[in-house]
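I have a structure here, written as structure tokens, and I will follow up with some questions on it.
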């Protein structure tokens with residue numbers, strides 16, 4: 001019976017076959033008795049009626065039986081399987097099979113075939129299943145998505161797959177775990193007016209019986225791979241081939257017809273990046289063709305499917321006239337490098353289980369940076385790596401973080417395995433190993449690892465053994481060192497305490513937490529920490545060689561390391577050269593002062609820019625969480641008045657924005673007056689510099705600095721009113737088509753919009769709100785507008801803003817509503833108005849948005865017992881609108897009581913510090929305070 005006729009029976013008979021809904025096998029991992037060897041997969045996709053798009057399929061799976069079993073357990077989700085047509089035969093002998101029943105285990109998506117007779121260990125069998133389903137629009141499994149053809153204004157549909165981590169089971173029955181590698185022969189049935197793509201090159205095309213104008217596209221048998229790497233797509237795209245023969249692999253980039261010109265850069269750079277990786281890793285890519293496809297509405301940046309790499313089209317399409325063209329090109333190079341690195345780390349060598357997701361993502365992230373750095377002539381990859389470092393030091397300092405190697409037993413833990421810890425902390429750890437081993441030994445270890453484990457599955461211990469083999473002359477226990485970084489959450493704070501009389505340095509460690517807690521759980525945590533350092537006698541920031549180790553074993557745990565003759569008594573010491581290790585550093589007060597003196601002098605540029613950024617960030621973070629006085633942080637911040645590099649400013653901004661106590665301090669009028677005055681004096685020289693310097697062909701880091709300083713200037717009222725900014729806004733406002741042409745530079749928009757709203761009236765506010773309605777596709781511009789609308793001091797407009805955000809006709813997405821709400825409560829009057837609004841409209845808001853989020857955000861801004869009690873009492877009285885109201889109340893009370901106590905203990909002292917520093921600057925603000 002042909003496939004089409006077979007599939008007609010699926011819906012007729014599947015409901016009549018007896019099934020057991022609650023299966024007896026409930027472990028989260030598949031049984032190990034059976035190993036799939038090869039899939040012959042046929043799928044027919046019908047897109048003629050996209051709103052009801054369906055696919056039908058059949059799969060024959062060759063099985064190796066590793067031990068006797070009467071059950072065949074595999075994955076299937078949202079698939080209708082025709083149980084009357086299940087077939088099983090033995091390939092190496094006679095076998096009369098009998099189906100006893102079917103069990104379904106929804107919790108783990110198990111489809112269990114119960115047999116009357118056992119399959120014998122050592123035997124080879126073939127399982128045949130027919131199935132059908134509907135293409136979903138959630139961009140998971142096998143999905144359908146739409147786009148508007150800009151040349152014809154026609155709505156078009158295309159189908160593609162996204163199987164990572166556990167969505168292959170939504171497209172066909174399979175053993176959907178990464179350690180079950182197999183080969184695949186894929187047949188795609190589709191309209192002959194459309195393209196079919198899969199992992200491998202097309203083998204042949206034949207007519208599809210029973211469907212007019214349909215064909216079978218059969219693809220060559222694949223290399224051995226995990227199910228999450230299987231991919232296919234049905235589309236009407238066009239392809240661009242690379243004209244460069246840098247790699248022996250042919251590259252094609254598939255794009256919408258109306259966007260093909262915007263794909264040229266991706267086509268140009270891909271083979272060059274692959275060639276670079278082949279040379280570095282000494283293992284050729286095994287595929288003859290790699291297709292890359294730009295998918296509309298794809299929610300991820302990219303997916304490394306073997307031979308069919310998927311990208312979000314928003315990253316691939318680069319308009320040659322775009323003012324951001326160079327930045328977009330550099331980002332795309334990094335992204336393509338990331339996905340192509342996966343062809344080795346993830347595809348050729350794959351982790352056994354999602355516990356070691358970081359072996360895929362950490363390598364892809366790090367090599368993405370290395371490839372981009374070597375490949376790009378005008379590169380800023382060191383800065384990009386630094387920005388990721390800033391992200392992970394915040395993310396990994398929270399109590400809720402997790403180890404790099406995370407035990408995955410359920411969906412929540414699986415989702416966590418794809419967060420910043422796997423990607424960025426994994427990347428930072430690999431960079432640390434690279435520095436410790438040196439370039440040659442690092443790459444020799446990786447080449448050995450790839451050669452030994454190609455087409456196999458691994459655990460992190462397999463990688464660590466290869467590193468250990470190359471490190472015996474450098475460090476004696478590399479495996480132990482690495483386990484200290486991957487098996488426990490968080491990272492260390494290294495404390496440097498000097499004895500200036502005897503010339504010694506005591507070095508100790510503890511876990512760094514944004515909000516420290518007092519318990520024994522953290523006291524036992526320690527890491528093997530590579531120490532690099534220099535002094536003001538050396539200024540050797542080019543050498544990040546490891547000079548010593550802060551050890552972590554039973555003998556040395558909780559004992560400080562003592563070093564001698566590191567520096568003269570009048571010299572400072574700075575540790576962690578160019579952020580070669582993953583840790584924060586705290587110094588004794590005298591060493592901080594010596595460093596501050598240099599930063600305030602014209603010698604500050606002798607300290608590497610990343611270490612200047614580190615000093616700023618660590619000083620603020622340590623003050624914020626109570627490790628040291630704020631005066632040290634303000635002293636370091638003061639030097640920024642002559643800092644013209646982006647990293648130190650970015651570090652300061654991130655720390656001040658993410659410090660929970662700092663966010664509360666800024667809601668206190670008296671503190672805000674002193675803080676704003678202090679920051680205005682620091683910002684002014686740099687603001688003048690970036691505002692008047694030539695912007696033509698400036699590097700990205702200078703553009704980023706311009707944006708950051710401009711935004712900060714708005715926040716602290718550096719310019720009370722800029723007539724030039726007001727005129728720029730009015731010029732835009734007067735244009736006949738302001739949604740088509742915006743003459744305001746992208747990087748100046750937040751400042752100019754805010755100035756116009758702050759000093760304008762309802763006319764300016766309504767104009768900007770209307771622009772939001774027409775900027776549906778530019779998320780960056782929408783965020784700028786949403787944030788700028790809160791700059792008004794007109795309470796009626798702020799009330800209107802709250803009304804339109806949460807009104808019945810609001811066109812804002814939920815994340816945009818949340819973004820706008822956060823902007824409003826950062827406004828002095830906005831917080832009070834938002835609290836009144838939310839309490840008045842709680843019943844209505846409950847049906848429209850996440851009220852838990854709104855009340856959590858408002859709670860984070862409360863700094864008096866009166867406001868805290870009012871907030872808690874409201875939740876208590878309206879508990880039906882809140883999830884786990886008692887837990888929420890306890891959490892808010894616990895978080896805020898400690899912050900309120902901290903403010904009572906520290907506010908006057910901090911203001912005194914600022915007052916003294918402002919006096920030394922010659923700034924008098926007594927009138928503002930009074």
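Glycine residues also receive a Cβ, built from the backbone N, Cα and C atoms like all the rest.
Predicted automatically and left uncurated, TrEMBL annotations should be read as such.
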If TrEMBL says 338, 342 bind Zn(2+), which of 330, 361 does it name for the same site?
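For Zn(2+), TrEMBL names 338, 342; of 330, 361, the listed one is 361.
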At the Cα level, what's the spacing in Å between residue 342 (Zn(2+) binding site) and residue 423 (site 'Transition state stabilizer'), rounded?
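Computed Cα spacing between residue 342 (Zn(2+) binding site) and residue 423 (site 'Transition state stabilizer') is 13 Å.
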Would you identify the secondary structure of residue 361 (Zn(2+) binding site) according to DSSP, in three states?
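Note: residue 361 (Zn(2+) binding site) is helical by DSSP.
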Which one of these recorded positions has the most other Cβ atoms within 10 Å of its own Cβ: 339, 361?
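By the 10 Å Cβ neighbour count, 361 comes out on top.
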Expressed to the nearest Å, what is the distance separating residue 338 (Zn(2+) binding site) and residue 423 (site 'Transition state stabilizer') at their Cα atoms?
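Cα to Cα, residue 338 (Zn(2+) binding site) and residue 423 (site 'Transition state stabilizer') are separated by 11 Å.
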Whole-number answer please: how many Å between the C-alpha atoms of residue 423 (site 'Transition state stabilizer') and residue 339 (active site, proton acceptor)?
13
Work out how many Å separate residue 361 (Zn(2+) binding site) and residue 339 (active site, proton acceptor) at their Cα atoms, rounded off.
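If we compare the Cα positions of residue 361 (Zn(2+) binding site) and residue 339 (active site, proton acceptor), the gap is 10 Å.
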